[in-house]
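J.: Copying in the features that TrEMBL gives for the protein in this structure:
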SIGNAL    1-17  signal peptide
DOMAIN    70-363  domain 'Peptidase A1'
ACT_SITE  D88  active site
DISULFID  C101-C106  disulfide bond
DISULFID  C261-C265  disulfide bond
ACT_SITE  D270  active site
Amino acid sequence: MMKWLLVLSALVAFAECFHTIPLIKGKTAREALQEKGIWEEYRKEHPYNPMAKFYQSGTESMTNDADLSYYGVISIGTPPQSFSVIFDTGSSNLWIPSVFCSSQACQNHRKFNPKQSSTFKWENKPLSIQYGTGSMTGYLASDTVEVGGISVANQVFGLSQTEAAFLAHMAADGILGLAFQTIASDDVVPVFDMMVQERLVSQPLFSVYLSSNSAQGSEVVFGGIDSSHYTGQITWIPLSSATYWQINMDSVTINGQTVACSGGCQAIIDTGTSLIVGPNSDISNINSQVGASTNQYGEATVNCQDIQSMPEVTFTLNGKRLHHPCICLRLSELLRLQHWLWPGWPTALDPGRCLHQAVLCHL
């Protein structure tokens with residue numbers, strides 16, 4: 001079984017006392033749509049823009065990713081109402097559907113009812129989160145949020161009134177952002193920041209463990225690191241920006257040859273994106289080196305029979321080489337690498353990268 005581990009911390013320290021939230025590897029929106037025979041039609045109507053979440057301004061952004069599958073359960077309110085959420089290091093806000101939402105996406109998910117919580121308060125502020133194929137709109141509120149046995153009082157979160165159509169096919173009800181307050185919509189203090197401020201965790205760090213081949217066994221740990229999920233020593237990589245979990249990447253090589261990130265670049269560690277995203281030329285080089293061909297949707301694919309003979313992709317981060325066997329990327333019958341250049345790529349951040357869940361297995 002392949003094991004994925006990601007540790008994110010503001011302090012290089014270990015803690016014996018921590019709080020664990022089990023994650024479920026559920027059916028992805030892609031799989032659900034394929035079973036219904038409408039995947040091809042769906043992706044024509046809702047093209048995937050993996051860079052949308054990183055280049056929006058004024059509001060927090062999320063991306064339409066049909067391959068997200070890891071989610072955990074939290075509760076909100078008194079008495080508690082339970083919701084499944086994606087723990088996303090690429091965004092900072094917590095939001096869930098509300099009983100005031102009439103969108104089809106909300107009808108397919110659990111909805112929060114403020115009238116059933118004695119600790120609920122409206123913040124009287126609107127919330128708008130932009131997507132590549134639509135948006136989520138609603139209002140901010142505050143209530144008691146419980147995550148992995150940690151009870152956070154007066155946590156501000158979003159309640160949706162409208163949601164983009166593609167969310168109807170997602171297994172999770174909402175999103176719990178784990179990035180920094182600097183990119184939070186309306187400057188809301190993120191859930192983990194509240195835990196740290198209120199001294200609800202023994203150390204200001206959290207870790208993510210992802211198991212690729214099992215529906216269960218994955219988890220998010222707040223306040224420490226479960227040493228049973230890794231061997232050897234953890235490599236600590238300093239942040240280059242406390243916005244997203246952004247780091248310096250030295251290079252991307254195949255068979256010792258640099259194929260991307262020549263001379264160094266910026267990368268974002270993002271549990272809310274299931275693909276490797278980068279500039280058009282860099283991703284084209286990687287696809288070419290592994291023998292992939294690009295289809296009309298911008299997806300580079302190879303037959304799984306060829307995977308064993310394909311070369312490893314090596315990501316070098318802070319001098320540490322992370323070897324990335326292509327089998328990590330297998331999706332159903334095809335291996336898929338996303339081939340994408342977001343129009344108007346900001347030159348101030350170019351080149352920029354997003355390292356997806358498949359790379360986290362080697363962190």
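Glycine too: its Cβ is placed from the backbone N, Cα and C atoms.
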J.: Compare the Cα of C265 (disulfide bond) against each of the recorded positions D88, C101, C106 and report the nearest.
T.: D88
J.: Looking at the recorded positions listed here (D88, C261, D270), whose Cα lies nearest to that of C101 (disulfide bond)?
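T.: Closest recorded candidate to C101 (disulfide bond) by Cα: D88.
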J.: Can you see whether DSSP assigns C261 (disulfide bond) to helix, strand or coil?
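T.: Going by the DSSP assignment, C261 (disulfide bond) belongs to neither helix nor strand, so it counts as coil.
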J.: With DSSP assignments reduced to helix, strand and coil, which class does D270 (active site) get?
T.: coil
J.: Select one residue from D88, D270: among these active-site residues, choose the one with the most other Cβ atoms within 10 Å of its Cβ.
T.: D270
J.: Of the recorded positions listed here (C106, C261, D270), which is spatially closest to D88 (active site) when Cα positions are compared?
T.: D270
J.: Between C261 (disulfide bond) and D270 (active site), find the distance joining the two CA atoms and give it rounded to the nearest Å.
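T.: Cα-Cα, rounded: 18 Å.
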J.: Name the residues of the same chain, 6+ apart in sequence, whose Cβ is under 8 Å from the Cβ of C106 (disulfide bond)?
T.: P97, S98, S160, E163
